[in-house]
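Marked as ATP binding site by TrEMBL: A:Gly73, A:Ala74, A:Ser75, A:Asp76, A:Val102, A:Gly180, A:Asp185. TrEMBL lists A:73-234 with the feature domain 'tRNA(Ile)-lysidine/2-thiocytidine synthase N-terminal'. Under the heading domain 'Cytoplasmic tRNA 2-thiolation protein 1 C-terminal', TrEMBL lists A:302-332.
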Amino acid sequence: MEEAQMVEVVKSKEHGGRIRQCTICNQRRAALKRPKTLEQICRECFYGVFEEEIHRVIVDNQLFKPGERIAIGASDSTVLAYVMSELNRRHNYGLDLFLLSVDEGITGYRDDSLETVKRNEIQYGLPLKVVSYKDLYGWTMDEIVKMIGLKNNCTFCGVFRRQALDRGAALLKVDKLVTGHNADDIAETVLLNILRGDIARLSRCTFITTGEDGPIPRCKPFKYTYEKEIMQNLNQQLRMHTLRGWITSPLNVSIYSPNAYRGFAREFIKDLERIRPRAILDIIKSGEDFRIATSTKMPEQGTCERCGYISSQKWCKACVLLEGLNRGLPKLGIGRSRGVNGERNKDVKQCGKKNIESKQCGTLDF
Amino acid sequence: MACNTATCQSGGCYKDTDAEQQHPINEQNPSTNGVAPSEDNNHHPSNLCLKCKTNKSIAATAAAENGGRFCVDCFRGNLFGKFRFAVTSNALISPSDNVLVAFSGGPASRVALQFVHEIQHKAQKNFDASASRDRSLPVFGVGAAFIDESAICPVSSNEFDEALEDMRLIVTNLAPPRKKFHVVPIESVYSSDCCNGRDRLKELLNAVSDVTGREDLLVHLRMLCLQKIALENGYTKLVIGSCTSRIACHILAATVKEESTGSPLAWFMPNESPALEEGKLAERWDSIAVGGDADLEELEKQMDLKAEASRFFLEGRGYSLAADIQYVDARWEIPVVLPLRDCLMQELNVLCMLDSLKTVEVFNGSRVGINGLVTSFVKLLQEENPSRECTIARTAGKLTPFHFNKIPEADDCNDHLAIQRRQKKFNLKPNESLPPESFCPICSSPLNNSFTSVSGCENGHRSPEDFIATCCTSCQFQILPSEPSALGHFCSILPQQIVDQAKDGSCGNQRWLREQIKDCLLSDSEDGT
């Protein structure tokens, strides 16, 4: 008995003699500090505010309509799959949810994710479709990196991924695509666009829904959710064995990302978050508030001559990049064009027979 | 426009890899970057000046990337050319002006002073040389002002006196024409009848708990001080030496400091989460499995109310950024002009070194908090790509400026000048159909929401809550204390100009509103409520 009492005393001394209470419910003991607000809260309240905030974002921005078919594009994001299906159930959104996964063909990175995705499918009963770069384009990321080296990988992967999601979504006949872009991602993008001088993208990158006039609109319900909180949510669930036996890579980071320019912005934002956590949201808000003239030259929307995908140029970026890969010209499509786009196409068409073309989208209604 | 087109390789990230690729090629094919091939190119391919192709270029140091392509004369000419182009194409300085140059002793303001002197000197020579009947246009006057911040940042009196002497000498040597040198302590933002200005200032700054907020408040006070000097000494323009590099840092810092409460973000703040009744939360979680969501409704209702209430709050920096980075900032009584806007800090440093322009560092200029982080970030980016600062400035340069970002139209007649000033102060323009721009009284950033709190300004008593409502949310967060008692005290020790600006701003809006709806008002008497 005495021993137990000693332990009690020691414990309470560690806490300064006072046990920290959750600042929301004032009942349970605080289990963690909220990254966004630095509040000390208990686990249950953490789930509560986390989910409620996302629900508010969905409602306030009118992201969905009842009866819509929604593809969850970041299907290896357990948290997104869980939140979407949970909120759909709890608040009766009436949505038809699907999982859409992209296999980039990066050894060691995607293998784990695909396992997770398959478990998501089982856990939440959400139908799953996997589209791979190999099927769509004839190249895996590993093969691409072997060809182009370690610079500009993200350009290839990003462009291909975007099209892959759209094509996969079209195959599933969904109305909208949901991606797991979080507050950190969007803040990084705002900064990147300032640094790179891309005023057109700067005006669009904070939109919660994009592509409404395109093939498949996409929305980002995690727009105001901190990456750290998503990780904490996942962490908490793992500790509670809610996700028993699941494999999760600690941070879903591609092995090729350290060389990307985005890394500069990411490091800066990490440092910023340490000084002032709400700065991440501030960057997003600044991005929304920038006074950008609507007459600013925006690219005109057309379709790609080669594959029919949406494009502001004669050929979509994926086709241009593929052309480069197939011809052994890794820099094609990277950097500013030297001549008119048409000039390049002329050369291409003359020796086009040997190329592995990306699949024609004849059956897909873009 | 924002950068030297001959050497700048800006164009965003896309150019990065190209630039790297090109460098090895340069030796064989110099025409791609503009260096003219010549006979002795085989020995020293990049030793000749880009422009005149006769003189040797400045030995390229690690930092003087731009300097490395030009010879001394062409470099100086190029830099001065940027300054002069900014001044002439934006009418920054006109012959009837009396120009005050903010002189901190640092390289940027040193070059600003030097260049302003050079155009004044030239104007004076032309004036002297022309016949008396041709002397229609006067020569503008120039003065220099130094803000003494020793109240906040103590320096040893020896160091200080020496530095001051150096600066006085610099200004004296920039003659003819003679220039006055004003040395003003920063505590003079408090009126002269206030005897303990120094203590009040220290108290004010100590009341700000956020380091970034404190630094920013000091910047605003500096500007107030300069405005005061300019007004009291009959100056008509204020020149500050903000260069591209400084502007790039400001752009990023402003982007990260935005805060708004007019969106779902409102309820993310600590201690403002809706309080649920005891025990209900636990029940709620248990009931989820069963399907009872009554408490969630309660939670939602509270959040709805909060969002509703916060919809009338004001927004800050991202909206106002364009105002701070143009050539002209005419929000102030004395318009502020930025003639060095297109010059890089390293160019200015190189010029100071080449021409032996003496610079003096009096107060420790290193920045802390967010400003410090941004400064080191931009430095890192600039090292990685020397055109980064240009690109950042150019991107933000595409944001829509405000109506006050151009020199206000004024006749040379002095009568009209007074009228102009009053019009500007009250934001009354006869043909404006939009509500007048209102500004944050602390940082002067234009506010996005025209429906500021219009509580009674007639009776002259303003509560601290009224005052907060007139401030931008960025200042509300990082400068104003959150504790109500501390806030009240803070408001009481603010300089009078800031308090007046809050009063004038909201009065102006109320007046405008009344003007709009006067046809529908039943009685002529002032609304007492």
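Cβ atoms here come from the backbone N, Cα and C positions, even for glycine.
TrEMBL feature annotations superimposed on the structure.
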residue  : record           : DSSP (3 states)
A:Gly73  : ATP binding site : coil
A:Val102 : ATP binding site : strand
A:Gly180 : ATP binding site : coil
A:Asp185 : ATP binding site : helix
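Sequence-distant contacts (6 or more apart, same chain, Cβ under 8 Å) of A:Val102 (ATP binding site) comprise A:Gly73, A:Val130, A:Val131, A:Ser132, A:Tyr133, A:Arg161, A:Ala164, A:Leu165, A:Gly168.
By a simple count of nearby Cβ atoms, those within 10 Å, the most crowded of the binding-site residues A:Gly73, A:Gly180 is A:Gly73. Across the domain 'tRNA(Ile)-lysidine/2-thiocytidine synthase N-terminal' (A:73-234), mean pLDDT in this model comes to 87. Long-range neighbours of A:Ala74 (ATP binding site) (same chain, six or more residues apart, CB within less than 8 Å of its CB): A:Leu80, A:Val178, A:Thr179, A:Gly180. Counted within 10 Å of its Cβ, the other Cβ atoms near A:Asp185 (ATP binding site) come to 19, all protein chains included.
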